[in-house]
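Here is the structure we will look at, set down as structure tokens.
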Amino acid sequence: MSGAPVLPDASRAAPAISARAEAPLTLTRHPARVLGFWPQCAMWGSFGVTLFGPLTGALVTESVGSLPGGLLACAIGTLIAALLLGGAAAIGARLGTPSMVGLRGMLGHRASIVPTVLNIAQNIGWATMEIVVISSAAAAIAGPAWRWPFVVAAGAAATVMSVRPLGTVTFLRTVMLWLVIAGSVYLFVMVLRQPAHPIAQDEVAGLWPGVDLAAAQVVSFAPLAADYSRHSTSGRAAFGSASLGYGLAIFGYYCLGVVAVGHLGGDVGGTHLLGALMALPAGAIAVALLLTDEVDDAFADIYSAAVSVHNIAPGIDRRTTAIIMGVVSTALAGVLDFDQYESFLYLIGSAFVPLFAVAVVDFFWVSGGRWDTSSAATFRWPPALAWLLGFVAYQLIQPGSVPGWSALWAAIRRAAGVHTPGWVGSTLGSMVVAGASAWLLGQLANRLTHPGHRLGASARAHRD
């Protein structure tokens, strides 16, 4: 079968990661099944150790207006999105394909190019923002003249890591994860030792917009999950490591941002928070330790952007595309800043929250865990329509703040007379709409194709 190789579920015992084991260079080669629960958990935990965590946690707290509310919003958003992330990872372990290639089974080969292009764009964007944060924080420590050298150094390091992804996973597990724990604990202790300050109420939007921000950070990794979990030894290991490893780590760093808003005072929005953390006694040293681990998130984005290209050009060497993606991200990081970060998060969520809600429901409960991921995969209208409905629901509930785009959806909402209660967030709302639509439309399509089909028969047959 041309296109993606369809591999059996890897439920056998995990061998040790060989020094020579690496991700396949093209789509036509089988991935090495060498990652058990703990290596993946360390990898996902390392991805969750990111300065974007406290930055997002601060945004959430300012949106909610209180420390308890900020913690609650972060907990809800992380839980919802971590389960979705785990489901995406489990699908990758079952199929043995990169994320975007796997979506051929849900949308068809040609239609899957749409999320592929979006994913390449968002990964370049995330890699760019990671390099911006690294270089900005490093320049704050070493001096403004060092920003460009750190842009180049961070971009080069992330690109080199993306050429050898499995070797990087081993490095993250054995060195980087433990290196940053001391810095993380120190920052928590020092922030909590500062006197409490009142939180400004001029930007309060409510609990659920904060939930959306917290969830969007986690969901941004769902399109990347299968790029790594295809190397997993089992679906359970993939699900547990992604949901627990990333969920717990990112929630911890959200909490750092939450308490920073309440204890550091002043303007801690955007990269100002990094300056406030570095102003603590020995804070610059602790932040510098975290910066060494920040490069792995940029690596993850560059690598996934590179392998996403395989859904369009399966024979191209991923090392070539990784270098191209790394150069583009590094160049963009030299000219962009942090101002549109919040809007960027909302845009990511609006596309990928409903997409992977549909993917999880369709794969496990409609298709019975069987997708055609070959280049001959045909268009499937039920999941495509469900994705569209979820996307529309997200925009109607929370169109974000991108000029022009948000005004358009606000006008559509007024014209349609849509009024959503304050407790319905766009993340939860779009997931429910997309997931429910995927199940109902999938069952309808099955009944039309097979008149004797009963509701839920596919999932029950798979369990049997």
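A Cβ is built for glycine as well, from the same backbone N, Cα and C atoms used for every other residue.
TrEMBL lists 37-59 (among others) with the feature transmembrane segment.
As annotated by TrEMBL, transmembrane segment applies to 71-93 (among others).
Through the fold, the transmembrane segment (175-192) approaches residues 42, 45-46, 49, 252-253, 255-256, 259-260, 263-264, 277, 280-283, 285-290, 292-293, 296 of its own chain, all at least 6 residues removed from its boundaries and within a Cβ separation under 8 Å. What TrEMBL lists as transmembrane segment is 175-192 (among others).
Per TrEMBL, the feature transmembrane segment maps to 204-226 (among others). For the transmembrane segment (204-226), the list of distant contacts is 47, 52-53, 56-57, 59-65, 69-70, 72-74, 76-78, 80-82, 84-85, 88-89, 91-93, 95, 97-100, 102, 115, 119, 122-123, 126, 238, 242, 246-247, 250, 254, 300-301, 304, 308, 342, 345-346, 348-349, 352-353, 355-356, 398, 422-428: same-chain residues at least six beyond its ends, Cβ to Cβ under 8 Å.
Long-range Cβ contacts of the transmembrane segment (238-261) within its own chain (Cβ-Cβ under 8 Å, at least 6 residues beyond either end) map to 37-38, 40-62, 67, 70-71, 74-75, 78-79, 81-83, 85-90, 92-93, 184, 187-188, 191-192, 199, 214, 217-218, 221, 225, 229, 232, 268, 273, 276-277. Residues or ranges marked as transmembrane segment in TrEMBL: 238-261 (among others).
Under 8 Å from some Cβ of the transmembrane segment (273-291) lie the Cβ atoms of residues 49, 51, 54-55, 58, 133-134, 136-138, 140-141, 179-180, 182-184, 186-187, 190-191, 194, 257, 260, 264, 266, all in the same chain and six or more residues away from its ends. Per TrEMBL, transmembrane segment is recorded for 273-291 (among others).
Annotation source TrEMBL lists transmembrane segment at 344-366 (among others). Beyond its flanks by at least six residues, the transmembrane segment (344-366) meets 56, 81, 84, 87-88, 91, 94, 102-103, 105-106, 115, 118-119, 122, 125, 129, 212-213, 215-217, 219-220, 222-223, 382-383, 386-387, 389-391, 393-395, 398, 400-402, 426-427, 430-431, 433-435, 437-439, 442-443, 446, 456, 458-459, 462 of its own chain at Cβ-Cβ distances under 8 Å.
Residues annotated as transmembrane segment in TrEMBL: 378-397 (among others). Outside the transmembrane segment (378-397) by six or more residues, the chain places 106-111, 349-351, 353-355, 357-359, 361-362, 366, 372, 409, 412-413, 416, 418, 420, 424-427, 429-431, 433-435, 437-438, 441-442, 444-445 with a CB less than 8 A from a CB of the stretch.
The transmembrane segment annotation in TrEMBL covers 423-441 (among others).
Counting residues 6+ beyond its ends, the transmembrane segment (71-93) has Cβ neighbours under 8 Å at 9-10, 57, 60, 63-64, 99, 102, 207-208, 210-219, 221-223, 225-230, 232, 234-244, 246-247, 250-251, 254-255, 258, 353, 356-357, 359-360, 363-364, 427-428, 431 in the same chain. If you look at the transmembrane segment (423-441), the same-chain residues 6 or more away from its ends with a CB under 8 A from one of its CBs are 77, 80-81, 84, 207-209, 211-212, 215-216, 219, 346, 349-350, 353-355, 357-358, 360-362, 365-366, 381-383, 385-387, 389-391, 393-395, 397-398.
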